[in-house]
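Feature list (source: Swiss-Prot):
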- 10-17, 57-61, 119-122: GTP 1 binding site (BINDING)
- 181-188, 228-232, 293-296: GTP 2 binding site (BINDING)
- 4-167: domain 'EngA-type G 1' (DOMAIN)
- 175-350: domain 'EngA-type G 2' (DOMAIN)
- 351-435: domain 'KH-like' (DOMAIN)
Amino acid sequence: MALPVVAIVGQPNVGKSTLFNRIINQRLAIVEDKPGVTRDRNYAQAEWMGHKFDLIDTGGITWEGGKIEEEIRAQAEIAIEEADVIVMLTNVVNHVTDLDERIAHLLYRTKKPVILAVNKADNPEQRNDIYDFYSLGLGDPIPVSSSHGTGIGDLLDEIVSDFPAEKDSQANDVISFSVIGRPNVGKSSIVNKLLGEDRVIVANEEGTTRDAVDTPFTKDGVKFKVVDTAGIRRRGKVYEKTEKYSVLRAVAAIERSDVVLLVLDASTGIREQDKHVAGYAHEAGRGIIIVVNKWDLPKKNSTSAKEFEREIRAEFQYLDYAPILFVSAKTGQRLDQIPSMVKEVYDNQNQRIQSSVLNDLLLEASKLVPTPMIKGKRLRVYYMTQVSTNPPTFVVFVNDPELMHFSYERFLINQLRQNFDFAGTPIKILPRKRK
């Protein structure tokens, strides 16, 4: 299930990034930061009082300047659209500015929960100035100090209280998956076949689909939500402003998905753009299924599928965990397998392994391969525990994290895959020093 999304927005230089860093370092439950795959937006997963959420840091919003400022504002607007809860950060030192008022008006029109936070409010002499911010019409301003941490707990309490109820309820789980790929590989056709109706405009021209459309459906009693996106093009090939915006929305769709279908075109083979698309999904840590479309078109024989699969594995070595499905959106071949595969990958992403079982695995692994030694110092592995799901994330407590060579980390991941079903999902290993 996709996590609630919180976006921090505001004018330039009010302390948004400092607040972002303060929140993601607030609890040890935070696993890792994940840099935004697009410019001027950073993502991280955070947790407060048992509530996990995705946090987005944005660039400063302004309507002045040139193309750079316009791009930053476009990024912020995407974050606002993506968010379930919005934090508008202001600065008590600056008082209420015309730019604050314009941003507040923009947020008010979203009809989403907006929390007004006033930064640099740790000086008692400036507390009275906070009341001026009521004029923005966004409710009670919450005084905070991003640099010193004052008021951050109150802000987080307010944030989690505004989360949509359905996103906190396991009973209402909806498996969200996006269909991504370079233009004209047949993404919309696949979605239409899955839904049984023409919900997305389809044409032979590249970039026919301009927007991301969320569509719920149910299959065998399981609730799904499919997000179909416009094709992702290499940045150098994106000329139109609308097409550039579609690239950004496709990346946002990946962030909102549990599972990603990476669609390849069997008739054209693997292109450089396919690798860029795959990189977006892999870096986001989402479950991935590789879907080879147009399998009805090429001339093939009994070994064609194996040969194409070998090519995929060679070109996408970092996606060795992703299952491959050969389909035809035109004839409907094997498309009926997609929902069950998405459900399987989703279940694999969200499974938890008991620490006792993990430590038995560590013991057996130590008998197979010795731990690495660097500059005369050997890595000692003490125990392992799972700290997160989606993707499955494991903390390994060691004597010195610097001694954890990538090859041994890969060995541990392979051991996990051999002993448990993690098909379709990446696995993260985080070495930590035992205290």
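Each residue, glycine too, has its Cβ placed from N, Cα and C.
Under the three-state DSSP scheme, Thr58 (GTP 1 binding site) falls in the strand class.
Averaged over the domain 'EngA-type G 1' (4-167), the predicted model reaches a pLDDT of 82.
For the pair Asn13 (GTP 1 binding site) and Asn184 (GTP 2 binding site), the C-alpha distance works out to 41 angstrom.
Proximity note: of the listed binding-site residues (Gly181, Asn184, Lys187, Trp295), none has a CA within 10 Å of the CA of Ile61 (GTP 1 binding site).
DSSP assigns Asn184 (GTP 2 binding site) to coil, not to a helix or a strand. Across the domain 'KH-like' (351-435), DSSP classifies residues as 31 helix, 24 strand, 30 coil. The two recorded residues, Gly10 (GTP 1 binding site) and Asn184 (GTP 2 binding site), show a Cα separation of 37 Å. Closest to Lys187 (GTP 2 binding site) in space, going by CA atoms and restricting to the binding-site residues Lys16, Thr58, Ala121, is Thr58. Cα of Gly181 (GTP 2 binding site) to Cα of Lys16 (GTP 1 binding site): a span of 33 Å. Comparing Lys16 (GTP 1 binding site) with Asn184 (GTP 2 binding site), their Cα atoms are 39 Å apart once rounded. Sparsest Cβ environment among the binding-site residues Asn13, Thr58, Asn184 (other Cβ atoms counted within 10 Å): Asn13. The separation of Asn184 (GTP 2 binding site) from Thr58 (GTP 1 binding site), Cα to Cα, is 31 Å. Within 10 Å of the C-beta of Trp295 (GTP 2 binding site) we count 22 further C-beta atoms, all protein chains included.
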